[in-house]
Amino acid sequence: MLNLVLMMIERVGLIVILGFLLSHIKTFRRLLHKQDGYVDKLKLICIFSVFTIVSNYTGIEIAGNTIMNENWLQGVSSSSTIANTRIMGVGISGLLGGPIVGIGVGSIAGIHRYMLGGTTALSCAISSILAGVITGYIGYIFKKYNRTITPKFSAVLSVFIVSLEMIMILLIVEDGISIVKTIAIPMILVNSFGSFILLSMIQAILRQEENAKALQTHKVLRIADKTLPYFRQGLTEESCKHVAQIIHRFTGTDAVSLTDTEKILAHVGLASDHHIPSHSLITGLSKEVLHTGKIMKAKSREVINCQHEGCPLQAAIVIPLTSHGNTIGTLKLYFKNPNQLSRVEEELAEGLAKIFSTQLELGEAELQSKLLQDAEIKALQAQINPHFLFNAINTVSALCRTDVEKARKLLLQLSVYFRCNLQGARQLLIPLEQELNHVQAYLSLEQARFPNKYEVKMYIEDELKTTLVPPFVLQLLVENALRHAFPKKQPVCEVEVHVFEKEGMVHFEVKDNGQGIEEERLEQLGKMVVSSKKGTGTALYNINERLIGLFGKETMLHIESEVNEGTEITFVIPKKVGEEEQIVKSISS
């Protein structure tokens, strides 16, 4: 028995090595995280079927009490049986891939085992299929209830499944008792041990990747948080100097440089003696990035093409900084050792460049809003609030350590939110669908900060989504409700948004079940800015002024509220307002 255990452990080592190699393939790791449709499930079935087929071929043939020491089985005599590690592959596939993958792998493993022959061919084939069904549905239940499958659980489950196989042998094979006495204990021990090792290794590699992504995201967000005040000032030598110092401190690169389209704005680290701020660009790589607008990397001085002969910088990645689709500068990370420029550094640089480009657009939008004082309506449009960005960054940063996928989705919602801010700040009217996207992005971020606190229901007629509306009106009304309508301890905070057509006008209603507004304050809201601990009413005043300025007094806000009952804000606008250019002309005339 001991010899059989030792020989089977050798086979486990082969399967573990195969699993280790596969775990370092990006596609395999992605499939374990998420299967998008039947094609991905088919890929997993093929991969894990290889495990089981290898296990069948490397099984140990046993004829009576004699162990046949063959490295690769071509077939099994009708009087022999096989002790193998097939259940490892079937069990892990079901736990990680679910019912379809488990049943698929179990069926292939069972059919292949049956084709090899032997006294236990039929019983092993049936038990393989049953193993796929059982582990597949257990994996599905664990995933449904968001529970983690531990290696210990996998080992215990393997004991049960191999025991089930032994029962099948007893039921089907004529001399099953002697076979079970020979192979039961070795197969139970080795398969449970192998399942524990294989799942532990796969999960460790996946966890290592998740931790690396979380740390990388956390690093990017910290840099973004630190650099935001400077990028709001635009691409100036002073602001870029502080930004370069922050990036250099947090990334550990040998040098960091920022440029505009003509000159170096800041350079921190090695080669500062000839990469001098305010001097013209001296690397051909930077000029090429500015010309093409594409990310470029170099792993030699020749490719960097620095005009200074003694430049110690041997590798670089140069990323374009963009604003509204135009390249306005570059971010450059330099290294003195080409081996330091790995895929991790490339992804870090790409992430920073995207965030910096957004920050530059935010700064430009803020500057332009200050220059539009001659346009009264545009001056009333909502300004970008940096405090909201700080709160959102802190929320995503916290999620990076607990839920990387949710943090990624929130980053996308944050991008949508600020894109809507930027677009809205330059337009008098936008499609209702764009405004609803703005509202949804804001809600996603707020609900991430305060889980299960707010319930927002939206009732929108589909044919009205192309109607032109003033930007920010719904978003600010929903934000106003979430911030001011509810006392801290209110258990159910509900907001309803209704948009419908009636008599050629588009009607908007925003209702909440909050604490309501006192009658004295209610008379002032929307008509003036008021002083209060609960807020100044600036958002409602701005919305009201914009509606009146665009469509006339008949479209002004109507606010109804009862203390401890809730508030309802309504307004109407014409449905067929035409193109934005026509509206602008009619207003200016």
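Placed from the backbone N, Cα and C atoms, the Cβ positions cover glycine too.
As the structure is a computational prediction, the values presented were derived from the model and not from experiment.
Copied over from Swiss-Prot:
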- 4-25: transmembrane segment (TRANSMEM)
- 45-67: transmembrane segment (TRANSMEM)
- 87-109: transmembrane segment (TRANSMEM)
- 116-138: transmembrane segment (TRANSMEM)
- 153-172: transmembrane segment (TRANSMEM)
- 184-206: transmembrane segment (TRANSMEM)
- 235-360: domain 'GAF' (DOMAIN)
- 360-577: domain 'Histidine kinase' (DOMAIN)
- His387: phosphohistidine (MOD_RES)
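Here the domain 'GAF' (235-360) is broken down by DSSP into helix, strand and coil counts: 49 helix, 37 strand, 40 coil. In this chain, the transmembrane segment (184-206) lies close to the transmembrane segment (4-25): three or more C-beta pairs between them fall below 8 angstroms, excluding pairs fewer than 6 positions apart.
Mean pLDDT of the predicted structure over the domain 'Histidine kinase' (360-577): 80.
Below 8 angstroms of C-beta separation, residues 3-4, 7-8, 11, 14-15, 18-19, 22, 28, 31, 73, 76-77, 79-86, 88-90, 92-93, 97, 100-101, 104-105, 108-109, 112-113, 116, 118, 128, 179, 182-183 of the same chain, each at least six residues beyond the ends of the transmembrane segment (45-67), sit close to that stretch.
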